[in-house]
Each structure stands twice: as structure tokens, then as C-alpha cells.
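Marked as compositional bias 'Basic and acidic residues' by TrEMBL: 1-18, 30-39. The domain 'STAS' annotation in TrEMBL covers 563-714. Positions annotated as region 'Disordered' by TrEMBL: 1-40. Residues annotated as transmembrane segment in TrEMBL: 109-133, 211-230, 236-260, 267-286, 373-393, 414-436, 456-486, 507-535.
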Amino acid sequence: MSLKNEEQNDLSPRDSVKGNDQYRAPSGIHLEHEEESRNGFRQFETSDLFRHPRIHLEPQEKSDNNFKKFVIKKLEKSCQCSSTKAKNTIFGFLPVLQWLPKYDLKKNILGDVMSGLIVGILLVPQSIAYSLLAGQEPIYGLYTSFFASLIYFILGTSRHISVGIFGILCLMIGEVVDRELYIAGYDTVHAASNESSLVNQMSDRTCNRSCYAIIVGSTVTFVAGVYQVAMGFFQVGFVSVYLSNALLSGFVTGASFTILTSQVKYLLGLSLPRSGGVGSLITTWIHVFRNIHKTNICDLITSLLCLLVLLPTKELNERFKSKLKAPIPAELFVIVAATLASHFGKLNEKYSTSIAGNIPTGFMPPKAPDWNLIPRVAVDAIAIAIIGFAITVSLSEMFAKKHGYTVRANQEMYAIGFCNIIPSFFHCFTTSAALAKTLVKESTGCQTQVSGVVTALVLLLVLLVIAPLFFSLQKSVLGVITIINLRGALCKFKDLPQMWRISRMDTVIWFVTMLSSALISTEIGLLTGVCFSMFCVILRTQKPRTSLLGLVEDSEVFESMSAYKNLQAKSGIKIFRFVAPLYYVNKEYFKSALYKKTLNPVLVKAAQRKAAKNKIKRETVTLSGIQDEVSVQLSHDPLEFHTIVIDCSAIQFLDTAGIHTLKEVRRDYEAIGIQVLLAQCNPSVRDSLARGEYCKKDEESLLFYSVYEAMTFAEDSQNQKERYVPNGPSFSSD
């Protein structure tokens, strides 16, 4: 076989250098050996003289993959209507109809009531505090938590997760709200709440800043909910698999830095514009330091006192959570005490502290989202929808596995989608499951979704009666509560040493996502994390592990000789393992690694030809002044092995480039008398090889179901070859 230019071009410089040092010209080469060696193995492939019988498996008959028939069959199945199917559809969409009639009142009611009360008490201050993060009035946070708890009770399948306000989503909503307020020309520095804007909103048709802010928030929430329901309908929940634990953890930690930064102005009592877009964290800190001389001392002292109370209490709750029947509701105590101190001390009048302002009772009339805003916020809603359903589904599956029941991921997407769509008509913003409140809910005895109803009743009581009492509550207190609840995300740094020991790649993904989410923006940070994670997957397959295998003594098991001791290497046979799919990204690395661990057939062939040419010139003699070339018998120096077995057990798939590479490798090795066998190919790889015509009809026996089978075949074929061809082929003189 002639040496092709493309084969030479495929060699890396490193291979060429090593090859020239390693392969010297053999002392003699027979020029006709190539053709005979290529056909030499085939005469033994169908021989019946092998010591070990071959494994033969009969493939299953493939089903008809006619797409048209498949679609028609699906449509017929979907369009069939019966009372049983209608009942199953309704019960599947409304899980409450299935489990509520079977509710064990005596067994479950106490735990559900206790957990619902405690989560409701915790949600009151958090809902008010997170409203500021979302750029909304406090009342809207209470609305959001109320409707989310009630709707998830009806549609959700998880018994333990707490659905409501989540800090990261509030931050993302707030960034969109601030951008749209700026575009609409509203003053983003001075909040309208201090001027009783909410009362004016109810009585005046003119939409002020607060009114427009909730319109933007509810519109984004509506679009995000539509995306989530669409994901459930089209069953595209697989999108969440691209959000690894390391990526989500890094994203939450990075976004937590942005949340913390956005709350600093409340702690210091500064009136600053909320920075948005790329680099908002750095911009906000620049504004803080430029205006730090304007710090409100009263707000600063209040913030420090709240931190001194809440930090130790949170630590006690965490350290003694196994002994405490319920966590200490320190946030509620702090809010009550701070409100009383602010009211009776007249801190707003004396020191101009920033307060929550009027929080009306009752519910506002429902209002549809602004349809004209949808094109402007549609892209922003994508990231919000993905983060919301990814966190909700992962938490529901985690707690379901822990407590021994199942959840339906598709139904969870419907549930969280409608927890956003329906409340968006009632002045609410985006919700999802939250880990901290879910842990509290589980630890306080939650048994079923009834706990969510109890939580909703607590929030309803606040909405109808208690909310106006928080008029004098300082915003610095709400900022402290928001920051305190970031403690879990910020403490992730303690887990980094262990993560580094387990997986350095995951640690790098965590850092890249965290830094990009904090320093650039939350949306770009999430996108950067996803892209970098996918790049890491490609990187792992671009240069995977390769090794030569040896036989474990007294067994048919082969393992890496670089990883284990006392493995037996079979004489004349090299067994090569490639731990990755073989496709266009790593095809060159596959060849390079194989050549490095065995030998480079292209360089060997070139050396053989060069040696043969030089030998013929030296044997030229002159008789009677006439030069005659005399054919001589050239001995062929035997190579140290005759067979290469490629263990394909770790090759998940092949593409066209991978198939071409295997063909090329086989052709090159056969050109120097080495046969190439493939072992342990999975059905997908076998199908790809068949479609790519890797084997001809008379060569199908070169694919083996085990490495041991391939090894015995190689030994038998070599023994028979030595028996039938005792002497190498030779030239005959004319």
C-alpha cells in the first residue's frame, strides 16, 4: 500500500521526532510483503482450528422508525378520549385531589400545623425584606408568598419544599425593574413609598413609580411562568441537567455578593441609585464610598445592633438544630422590637431614617400584565425561569428521595409555572423553592402540603390585620435580614477544600461561575457558567486517559498497567484502552496516544522503504561494463508485536471522523503486518461501524465481544500463520 500524504500530515511534530529516534531502518525488507500481510489474516479468520470458540450474538429486530407513523400513533393515542383518561388527566394535573382524600388527620396534622406556623412567621419579615431587593413595596412580597404557598398546595407533588420568595430571583427581578424604570423616566434614587404612594396608587389612576415597578415585576413573572409551563408541556426539563451542583452553588454565591452589595445602602442609610448591568457590584461600591460621608448614624447603629442579635441566633439555630424543636424566630423578634423602637422613638422625624412606610391591608384588584412590555423582558425571563424551575425540581427530588416517595418533575414545572402565572395578575413577582425555608419546614415536622395552607393563613392574617403596624419599620433592619439570610451561600467557601480534593474541575467551574456572576452580572454569570461547564466536558473528552492493558492473573479481566501492579502483558499483543467517545475533537489525540504507546506505523513504513531502497542500490553489480540489478532476498526484521486490540468499552459513540480514524489506523498498521482488532464495542458503536463500512462482509470476525476473546483469536491466528508460512516470502532471481 502506498504511503499517502494525508497520513503524513496527520502526524504531530512530536510523533515525528519521537518516531525518527525510535524507528531505524531494518536490515532488510521484502518489497512484496505488504500485499501478502494485508491478506494474510483473512485466510485464518474463518478457520475452524481455533482453540477457543467465538461468541456469536443475534441482534434484536429493529422496530420501524418511520417518523410519520410514529407521529400518527402519538396523535391517535393523545386524541383518544374516555372517562378514565379524563379522570387521570385531571388527577394528574391536580395532585391535591389524589392525596387530600387520603390525608391522615391524626398522624399528620400536628406536624403540618407546627411547620406551617413557623415557616409563616419566618416568611413575614423575609417577604418584606426581599421586596426591597426586587425593587417593590413590602406589601407585594407578602402577596407573593401568600399566593405561591396556596397554589403549590394544589399543584405540587413535593410534601416538604417551601415555595415562596427566593433572594436570587428577587435580585434578577430587581435588575429588570430598575432598567425599565430608568427607560420610563422614573427617579430611581428616591423611593415613593415614603410619600404614601401606595395610597395614592389606589385612589389615583396615574401610575407612579411604585405602580410601574410592580407592573414590570408582574410582567416578567408572567413570562417566566409561561416559559416554565411550556417546558413542562414539551417535556424539556432536561435543560436543568446543564446546571450542575457546582455551577448552581457558584451562581448562588456570586449572586449573594451582588445582593449583599445592594443592601449596603440601606444599612448606611444612603440614598443611592441602584446600579444595574455589567459590573454593577463594582459600580455600587464606588457610589457607596463616594457618599459614605452622608451615612445616617441612626441607621448604622440600628444595623449593627440587629447584626449583633441575628448572627449569634442564626449560629445557635444551626448548631443546635437537632435539639431544638423549632428554630428561634429571631427575625420576627427583631422586626417587632425595631418597629416599636422606631415608632415610639420617632426616629424618622428626628434622624430622617428610611422607613417602610404605609403598608395597606387587604388585596388590590387583579390586573393583567402589560402586554407591551413582554418583548422587552422576554429575554430576561428566560434565565429567571430556568433558575426557578431548576432549583425547585432539584430540591423536590432531593427531599423526596430522602423521605422515600416520588415526585413528578414535569408536574413540578407546571406547579412552579402556575405559581408565577396566576399571581402575576395579583401584583406578585417570581417565586421558587428556597432551601433555607425548606430545611426549616422539614425539621419542624412537616408531613404533607397542608403545611403550605397553614403558612398561607399566617400571611393572610398579616395582610388583613397586622401589615399597617410595620409603617415605622426601618429599611436598615430589612437590609440586615436580607444579608443574614445570605449566610448559607457565603459559607460555601468552607466547602472548597473538600470540593478541590473530590473534583478540581468542579471547583474551577464554581469559581468561574461565582466570579462572573458577582463581577459581571447574574444573567451573564449564569450563561458563562453553563458555557464553561460544557467546555470542561469537551476538554475532558479532548484529552482523555489512555492506557495499555494487562491480564489479571488467573482471570479473563484486563486492567490498566499504569494503574495496577502484577498484570501480565501478552507477548506479541498490545491492548489499548481509550476512555472517551471517539469523535472529531479527539481523533488526532487518539492516533497520537495509540502511536506513542505502541509504534507509529507511518514512520515504520517510511523507514522500511528507505532501507529497502538503500539495500537494492548496494547490491547493484557491474558485469562486462553493463549494469544489471540483481534481485536479492531481503530479510524482514520482525516487529515486537503482531496484534493491537483496541478496548472500545469506554467509547460511547463514534462520529464520521471517528470511524475514518479507525479505518486509517487499521490500514496503516496492516501495511506493516500488524492486525487491529476491536473489542467490547457497544451496540451503538457497532451500528456506527456497520454504517461506516469499517468491516467488509468477510471481516466481521474482527469485532469481538470481550478483550479476552480478541486476545485468544490473535494468538490462534498468529500460531496458524507461523504453521502455514514457516519462512518469510522471498524474491526469486530471474
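Yeah, the Cβs are placed from backbone N, Cα and C, and that goes for glycine too.
On a predicted model such as this, the values are computed, not experimentally measured, just so you know.
Counting Cβ pairs closer than 8 Å and at least 6 residues apart in sequence, the transmembrane segment (211-230) and the transmembrane segment (373-393) reach three or more and so form a contact. Of the candidate ranges 109-133, 267-286, 373-393, 414-436, 373-393 has the most C-beta pairs within less than 8 angstroms of the transmembrane segment (236-260). Against the transmembrane segment (109-133), the recorded stretches 267-286, 373-393, 414-436, 456-486 differ in Cβ pairs under 8 Å, and the greatest number is found for 456-486. Sequence-distant contacts of the transmembrane segment (267-286) (same chain, at least 6 residues past either end, Cβ-Cβ under 8 Å): 135, 174-175, 178-179, 182, 188-190, 257-258, 261, 292, 294-300, 303, 353-354, 476, 479-480, 483, 518-521, 524. When Cβ-Cβ distances below 8 Å are used as the criterion, the transmembrane segment (414-436) is approached by residues 93, 134, 136, 140, 143-145, 147-148, 151-152, 155-158, 161-167, 169-170, 172-173, 214, 217-222, 224-232, 363-364, 366-369, 384, 387-389, 391-392, 395-396, 485, 488 of the same chain, each at least six residues removed from its ends. Computed over the domain 'STAS' (563-714), the whole-number mean pLDDT of the model equals 81.
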